[in-house]
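J.: My structure is below; once you've seen it, I'll send some questions.
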Ligand SMILES: [Zn+2]
């Protein structure tokens, strides 16, 4: 089985990626892992990517495509996998199409974790963390509230919001996500690969829903 997972942070994609990897014995391929690995091994694409990572810039499509190409052309090339974070744009999807045809690892499905922007803002924006560096206990204002508002149950320190979890940061990330993803999803829809996955409900219910939507036989 060869899958691509698409969804913003807070959509539950990470949890389902773990379950799919584990239970269907797939290899998990996250863009961050490929990047770090290529840089560590000093591959050609890793060398191209490193300066972007160092200054915190987004790695350009062409470099990301090269990284994935290196992986699929290596002796350790994956056969059955969950791709998380790639392809992130339509241009990357087109490049991956060509690559996967060449190596006979065409995708079986693209799972779209469709979630309303406001729901993402409330899920992530509600996260709080203990400000005590030695504690850092996580909370959520509705899903996992502390006994006393704004105060850590464990150590009594005030709770704080991580900069990644601030509303303006989340909204900025969502804007970029939609800019890239809307045309990506359209592309996969046309190929008949797109499956919409629910993002509310119990983890196991969502997993069962995904299984039902997966093609019965994996082309290998
Ligand atoms: Zn604490």
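Yeah, the Cβs are placed from backbone N, Cα and C, and that goes for glycine too.
Remember, TrEMBL labels are computer predictions, not curated facts.
Relevant sequence annotations retrieved from TrEMBL are reproduced here:
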BINDING   10, 11, 12, 13, 14, 15, 127, 201  ATP binding site
REGION    30-59  region 'NMP'
BINDING   31, 36, 57, 58, 59, 85, 86, 87, 88, 92, 162, 173  AMP binding site
DOMAIN    127-164  domain 'Adenylate kinase active site lid'
BINDING   130, 135, 152, 155  Zn(2+) binding site
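Give me the lay of the land around each of these features.
T.: Over all protein chains present, the Cβ of residue 201 (ATP binding site) has 11 other Cβ atoms lying within 10 Å.
Broken down with DSSP, the region 'NMP' (30-59) shows 22 helix, 1 strand, 7 coil.
Non-local contacts of residue 57 (AMP binding site) by the CB criterion (under 8 A, 6+ apart in sequence, same chain) are absent.
Per-residue confidence over the domain 'Adenylate kinase active site lid' (127-164) averages 96 (mean pLDDT, predicted model).
Sequence-distant neighbours of residue 155 (Zn(2+) binding site) (same chain, 6+ residues apart, CB-CB distance under 8 A): 130, 132, 134, 135, 137.
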J.: Please check each of the binding-site residues 12, 15, 152, 201 and report the ones with a CB atom less than 6 Å from an atom of ligand 1, ordered along the sequence.
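T.: With ligand 1 as the reference and 6 Å as the Cβ limit, the list reads 152.
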J.: Can you check what DSSP calls residue 162 (AMP binding site), collapsed to helix, strand or coil?
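T.: Residue 162 (AMP binding site) sits in coil per DSSP, no helix or strand.
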J.: Can you tell me which of the binding-site residues 13, 15, 127 is spatially closest to residue 86 (AMP binding site)? Compare CA atoms only.
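T.: Out of the listed candidates, the nearest Cα belongs to 13.
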J.: Can you check what DSSP calls residue 130 (Zn(2+) binding site), collapsed to helix, strand or coil?
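T.: For residue 130 (Zn(2+) binding site) - judged by DSSP and reduced to three states - the answer is strand.
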